[in-house]
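Since the structure comes first, as structure tokens, the remarks are kept for the end.
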Amino acid sequence: MRDRRLLFQRAAVTTVALVLLGGLAACSGPQDGDAKPAAGDAKPAKGGKLTVLNSDTQSDFDPARLYTSGGGNVPSLVFRTLTTRNREAGEAGTEVVPDLATDLGTPSENATVWTYTLKKGLKFEDGSPITSADVKYGVERSFAAELSGGAPYLRDWLIGGDSYQGPYKSGKGKKTLDSIETPDQRTIVFRLKKSVGDFPYLATQTQFTPVPRAQDTGTKYEEHPVSSGPYKVVRNTNDGERLQLERNPHWSEKLDDQRKAYPDTVDVRSGLDSAVINQRLSTSSGDDANAVTTDTNLGPAELAQIGQDKSLKARVGVGHFGYTNYLAFNPDVKPFDKPGVRQAISYAIGRSSVINAVGGSSLAEPATTFLPDQKAFGYTPYDHFPAGKNGNPEKAREALKKAGYKNGLTITLTHSTEEGEMGPKVASAIQQSLAKAGITVKLKGLEGNAYNEKRWDADGSPGLFITRWGADWPAGYPFLAPIFDGRQIVKDGANFNNAKLDDPAVNKEFDEISGLTDLDAAAKRWGALDSRIGEQALTVPLYHPVYQRLVGKNIRNVVISDWTGVLDISQVAVK
Amino acid sequence: MTVQDVLTPGAGAPPAPGPAAGARGVWRRLRGRPSAVVSGAVLAVLLLAALAAPLLTALSGQDPYTYHDELVDSASGGAPQGSFGGMSGEHWLGVEPGTGRDLFARLVHGARVSLLVAAGATVLQVAIGVAVGLAAALGSRWADQVLSRVTDVMVALPMLVLAIALTTVVSDDFPRPLLLVLVMGSLNWGGTSRVVRAQALTLRGLDFVAAARLGGSRPVRVVRRELLPSLAAPVITYAAVLLPSNIVLEASLSFLGIGVRPPTPSWGQMLSTATTWFRADPLYVLLPSALLFVTVLAFTVLGDAVRTALDPREAGRLRVGTRKEKTRG
């Protein structure tokens, strides 16, 4: 039945296509009324209304406050930045490309100075020109305490960034940041404390969005931020629970080769349960036929369901994002101070049961490296403690024996009680595979929020726990430095360097590579560094997640880049 | 209750009958009631299965903890291979999606935890509830005020919040099932207490209680010989409602990570992970929910039967679902 309908649909589409090709459109009357072209078959066209169904609300819709990777997804419809991610599917999507600027920036003085030139003729939504002063003001605002939320890199890297309080501060403090210069209306210069090769990646974040000083309303700016992108905000309800966007007439296609902006309006509805989102997308009734989601993945059960339905399967896009789920050790807790114990656990881990516990091979790929398996990160394959698919108990026992645990060992594994990537099923899978090597694992579950606090707790993270890490942009620095750079160990607050690795040689390598402006050369060295650190068994990489995104039945031009792993709504068409 | 009431018989409510012809009479009446026999048998089978869980799983050659990666289809979300949730000669009720753990083994082992914890908690709730309710009803006006207000607070307390708070202070080595019994038992007795207090206040005014008191019986003896037997019916009925709700409560506590620790199975835990699978692998959801449903139903029916058996006078009037047949007949 299902197959027959599908066949009929295909036949109908073909007929219409042939008729149109033959220039006989006028005679095709009866067919084209009921034959809707299937997704992806026809050329995407302008017009229509796109609905976005999300679970997380688009709160704090202010370019200074958003923590985005590559300019974000919904934000990048309204905010343009100096550079942005390449809007292409797969690996090509991990590249950084110019956006407001004419190029990726010109480094000088050993990559401590970055100069950008804006394109000619850029305009805000009110028709006024976008100048370099607006970009500088946008960056400055992000330093204000009341507009917190962005990534910490600007504060760490810009000269004077650590003491600057933002443009609103009255009193002694300076109102402007001198390390950003605007010699003319189209040129902007950033002066940094150290060499930063990754600056073009950083310039993709929404903090590099131009903000006209005259229209800045401080914390209220998020209600109606001035658009530089293809859409402007019509209404923002309940702090981003619903965001209605329509075309920005002053945005020019000619000056933006990245955003396609096919639909006329975009309606972002959020605060929905992920099961509801996927159900609505699969049913695709009414407006939901023109709907996508930018934050919801298909779960294991939904995947099993969709696997039985070919027409639904055709509507699923697969995405990757630089992410690694791993076991972290805190070597301050015994017996994890002993490399032999950590090696034994690395040998014993059965990755295929861990992967099945999070939804199987469609949702996760086994990981033996800490860096994600993408070229942009400098992925260099290594497997220092080969465990195969189901673990290698013999090697694990050997390592344990060497470490002085002849009769096995009892350890505690801390996990979240919420089902999912860090939940009880994964923990039990690990317990199972370690048991084969004579390691008795006691499970300690913590409620979700408590667990998240405990994971990054500077002085009390558990000895062994399940965790994960993703990158702010697809390169080695933001992926490795917070986890393994000794100078990023935090005494109180959130510490990501759980292994407390503080190796002068490694630290030096971090400094050297992060100064390279040749991103390909840098990537190679990040890969080598990852492999070198991996020898110490400070983490047990488990898997890299894979994302399965369902879209409504009318959606066309689905582009999922490896930078974000979600479909890019600037590319989506509903007609 | 005043002396006047006692001196003028018939002024108060008609005397309630005492415990009818002892336990043997109750047993006889229960046996004569098919619903009671069936529900009792169902519960007995469940209890036996729970008790004999290790034996049963040994018989099937499975255990509730071993992962079987080869039995799930990794590429399609970890759904069990084969039809009906992967049912086979080895895995009688199929396997759990994602892990391939044997469902039959997990269900019977889960029954142990669920029934044990729920039963333990119910006993504790009833014990505390009866004690507090009786003390409130029979004590001084002050005692009644204080105890009744405490009861109100217990009823109003957000149970889950308290339970979470309790687990942060209790050491990890404390056995979880016992902790669950204590937490659920000590926090959820308010309802029983209210019922007992109200019933005891009514009973206190009846002639047979007054007679016992005037006859020189001490309060403890009055409670034991006169009040408790008459309280048995409402308390047992209430307990029959509490027990299934405790099974459900155990489920929600397990979900919040303060129930039994994984990989130990319990019905509640199974249900909470199964809900998303209702379309892809219906059996995975149906099995624990059907068991929970049958258990709750059996307890409710049996509770109702026991109540009517204890109080035959009420039987015709109050028995659930009998009136229609009677008028028709």
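The backbone N, Cα and C atoms fix where each Cβ goes, and this holds for glycine too.
What you are looking at is a predicted structure, and each value in this text was computed from that prediction instead of being measured.
Listed features, source TrEMBL:
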type	residues	note
DOMAIN	B:111-303	domain 'ABC transmembrane type-1'
REGION	B:1-23	region 'Disordered'
TRANSMEM	B:36-56	transmembrane segment
TRANSMEM	B:113-138	transmembrane segment
TRANSMEM	B:150-171	transmembrane segment
TRANSMEM	B:177-196	transmembrane segment
TRANSMEM	B:227-249	transmembrane segment
TRANSMEM	B:283-303	transmembrane segment
Tertiary contacts of the transmembrane segment (B:36-56), as residues 6+ beyond its ends and Cβ separation under 8 Å: 30, 104-105, 108-109, 111-112, 115-116, 291, 294-295, 297-299, 301-302, 305-306, 309
Remote residues contacting the transmembrane segment (B:177-196) - C-beta distance under 8 A, at least 6 residues beyond either end: 113, 116-117, 120-126, 128-130, 132-134, 136-137, 147, 151-152, 154-155, 157, 159, 162-163, 166-167, 170, 231, 234-235, 238-239, 242, 246, 249-250, 253, 258-260
For the transmembrane segment (B:227-249), distant same-chain residues with Cβ under 8 A (at least six beyond the ends): 16, 18-19, 114-115, 117-119, 121-122, 125-126, 129-130, 134, 159, 184, 188, 191-192, 195-196, 199-200, 203-204, 209, 267-268, 292, 295-296, 299-300, 302-304, 306-307, 310-311, 314
Long-range environment of the transmembrane segment (B:113-138) - Cβ separation under 8 angstroms, sequence gap at least 6: 46-47, 50, 144, 147-148, 150-151, 177-178, 180-182, 184-186, 188-201, 204, 219, 223, 227, 231, 235, 238-239, 242-244, 246-247, 249-251, 260, 264-268, 292, 295
Chain residues outside the transmembrane segment (B:150-171) and at least six past its termini with a C-beta under 8 angstroms from it: 132-133, 136, 179, 183-184, 187-191, 193-194, 197, 249, 252-253, 256, 258
